[in-house]
Amino acid sequence: MNALAATNRNFKLAARLLGLDSKLEKSLLIPFREIKVECTIPKDDGSLASFVGFRVQHDNARGPMKGGIRYHPEVEPDEVNALAQLMTWKTAVANIPYGGAKGGIGCNPSDLSISELERLTRVFTQKIHDLIGVHTDVPAPDMGTGPQTMAWILDEYSKFHGYSPAVVTGKPIDLGGSLGRDAATGRGVLFGTEALLREYGKSIAGQRVVVQGFGNVGSWAAHLISEQGGIIVAVSDITGAIKNKNGLDIPRLLEHVKENRGVKGFSGGDAIDADSILVEDCDILIPAALGGVINRDNAGDIKAKFIIEAANHPTDPEGDEILAKKGVVVLPDIYANSGGVTVSYFEWVQNIQGFMWDEEKVNAELKTYMNRGFKDVKEMCSSHNCHFRMGAFSLAVNRVARATLLRGWEA
């Protein structure tokens, strides 16, 4: 089942659990707007190259739409639709005043020079500048993009609309980016994990943790969890996987990754088959890489008691059912990895106010939001006698449905 089908399935189950009217259910599922534009740029050698840019704006009942822009050669429309919809539910679970969006350009950033990427970003912004905005749709970085991409979008947008730092988040600090944004998703994973373990009378200290994916989110999650006494027994990335049953030295591993661009070859652990990382013996499994990695083929072999979904859609519905039967507790992506969009909201607020926060305030506010979000999801689980994923989806769908009805938008 692909990401869109799985997301639609979870939405429909939540809608039925809530007893939503079928017309309202249908209107909540249909994207507000889908944008597709041609972006033609001169390359450094003087030739012209054309790329397709897109933006799916899913829902704006609760506020401006929010979501990343990715640069990737295989941009799949269904996946983008699913991720835009997931952003609607994620912002609703976090209870921040946003809807969902997603977009990007079908290109391979590694094949383009910095100046070509800048020209491409500026042309894309010229094509969509009237459809994004501080109170309309606020892009952010995603796969293949980063703070520099956001800086180019900010500058190009400001040529048409005046200086508008709040039009994008994930910017460089010097252009109004927020302190704490780089670690935000990983820190949110830490706070979510702490909240979940408290429910079971446990703490992170002494828990054996496996992290699949050692990019921004996975590496920050591993670093912060190890600081709290968690034992990171195995990690993996695209270069390979390593294991140390006594715990990996995370500061040393981070230095190794910085120097060697991957975990492969780290002397403080034994190399293992990357495909086996998900079924390693541990207390907590954190999938922080691709979607669909936990499925019917491997869910039965997973030994973890808790799964914290740091990636988007890492567990497919068949895998979910197998895990539920085994009694594995899954903290769903729309809550577990919402730290990033929550701190993006803080950045937007700081830009609008023209008043920047220190990092301690950012982290303290994030902890408050993550703890409140967990409490809200748990209450929904108790009310509807369901697991965490359905509790989170039901909470999100209920909040968006209420906003839609209050605004008089029902079909």
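Glycine is no exception: its Cβ is also placed from the backbone N, Cα and C atoms.
Under the heading substrate binding site, TrEMBL lists Lys66, Lys90, Ser344. The active site, proton donor annotation in TrEMBL covers Lys102. Feature annotation from TrEMBL assigns site 'Important for catalysis' to Asp142. Taken from TrEMBL, the feature NAD(+) binding site covers Thr185, Asn216.
Feature map: annotations from TrEMBL on the structure.
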{"residue": "Lys66", "record": "substrate binding site", "contacts (Cβ under 8 Å, 6+ apart)": "Met87, Thr91, Tyr98, Gly99, Gly100, Ala101, Asp137, Val138, Ala140, Val341, Ser344, Tyr345"}
{"residue": "Lys90", "record": "substrate binding site", "contacts (Cβ under 8 Å, 6+ apart)": "Gly100, Asp333, Ile334, Tyr335, Asn337, Ser338, Val341, Ala396"}
{"residue": "Lys102", "record": "active site, proton donor", "contacts (Cβ under 8 Å, 6+ apart)": "Arg55, Val56, His58, Gly67, Gly68, Arg70, Val80, Asn81, Leu83, Ala84, Met87, Asp142"}
{"residue": "Thr185", "record": "NAD(+) binding site", "contacts (Cβ under 8 Å, 6+ apart)": "Asn216, Val217, Trp220, Ala310, Asn337, Gly339, Gly340"}
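Highest local Cβ density among the recorded positions Asp142, Asn216, Ser344 belongs to Ser344, counted as other Cβ atoms within 10 Å over all protein chains shown. For the substrate site, whose binding residues are given in the record as Lys66, Lys90, Ser344, the maximum C-alpha distance rounds to 13 Å.
Apart from the site residues Lys66, Lys90, Ser344, the chain places the Cβ of Gly67, Met87, Thr91, Ala94, Ile96, Tyr98, Gly100, Ala140, Ser338, Gly340, Val341, Thr342, Tyr345 no farther than 8 Å from the centroid of the site's Cβ atoms, the recorded substrate location.
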